[in-house]
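Structure record follows, encoded as structure tokens.
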Amino acid sequence: MVGSCIGVCSTCKSGSALQWGPRLHTFISRGQIGRSALVQLMNTTDINRTKDIGIGKRRYINITAVSGGGRRMRPTVNAAAIETLQKGIAEFYDESSGIWENVWGDHMHHGFYEPDSSVSLTDHRSAQIRMIEEALSFASISDDPPRQIVDVGCGIGGSSRYMAGKYGARCQGITLSPVQAQRAQALAAAQGLDDKVSFQVADALNQPFQDGQFDLVWSMESGEHMPDKTKFVNELARVAAPGGMIIIVTWCHRDLSPSEESLRPEEKELLNKICNAFYLQAWCSTADYVKLLESLSLQDIKAADWSEYVAPFWPAVIKSALTWKGITSLLRSGWKTIKGALAMPLMIEGYKKGLIKFAIITCRKPES
């Protein structure tokens, strides 16, 4: 998520000037959050307690989440619900990406750590680069370096620029957020990579690319935002070139046991709270992704649970949010960002309970 924005486009605010960085106003009315109140919120797992500690009320749209807890994938979400979801995602990342870059840099995803490691903020940034390298290694990309890459849910372009520099490849990124797309392109120009990478607002479920265009299709923490996993995977496969590799790194719920038909009610409740905070629509398991890839006759399918390798990430994000710099940035950003911040302890809870899994799934499109 943090990933990366992720996904797909809504209204692009065309014709209006885009400014980078936190907005100068807040969406909280009639009162502000003091530091002690925000600390209290950040240390609770109930993000619905805002009314008890002085946060002013504001109307916003709640997306009813589908937990994806059944053995079968859910039916496609209707078009109106998808449009509302995508608008929320775009606005969430329009608000929050500047804060993230200011504190964590240009990689908007988990880091990869050795289990039980003790790390500093510098280590976290190195760990985010290591996540990219570990994902490429898992897919054996070094054996056949890509020349054309698509970054589906590109955030502010960290992965795109890194891989363009590493391989000398041409990389195209898509995101829901016009602010992210603009910032990603500006960073590419500053790094002398604007001839190698480009970014646009586009729909991950209806990508603006030709069939078979890319020999590496990269999705780093964007799949969790996709309301239709079947359509998402089909699009990844469509734009992959014959013989091309697909890498999906994403949040999943645990695999179901043979005796289970769905997640337990309390597990669904926890995931729904996270969905409402981070603008997610459907959760599925790693096994669900594998079945989808198998249904498309994709080859060399591999999957792994990397949850233990990302364990330090969310505690570190919470710690950075509770600094003075983090608190003041949150207060300037807007309610969507604050609501997402308040949900971070829920992610830790989900990981600790074994409900949330950090998964990597890779496969190759057949040559013919």
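Even glycines carry a Cβ here, placed using N, Cα and C.
Unlike curated entries, TrEMBL annotations are predicted automatically.
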Of 167-175, 212-220, 293-301, the range TrEMBL labels region 'SAM motif II': 212-220
Quick check on the annotations: TrEMBL lists region 'SAM motif I' for one of 79-88, 99-108, 149-158. Which range is it? 149-158
Expected hit for region 'SAM motif III' in TrEMBL across 239-248, 339-348 is 239-248
Restricting to the region 'SAM motif I' (149-158), report the mean pLDDT as a whole number. 97
For the region 'SAM motif III' (239-248), residues assigned helix / strand / coil by DSSP: 1 helix, 9 strand, 0 coil
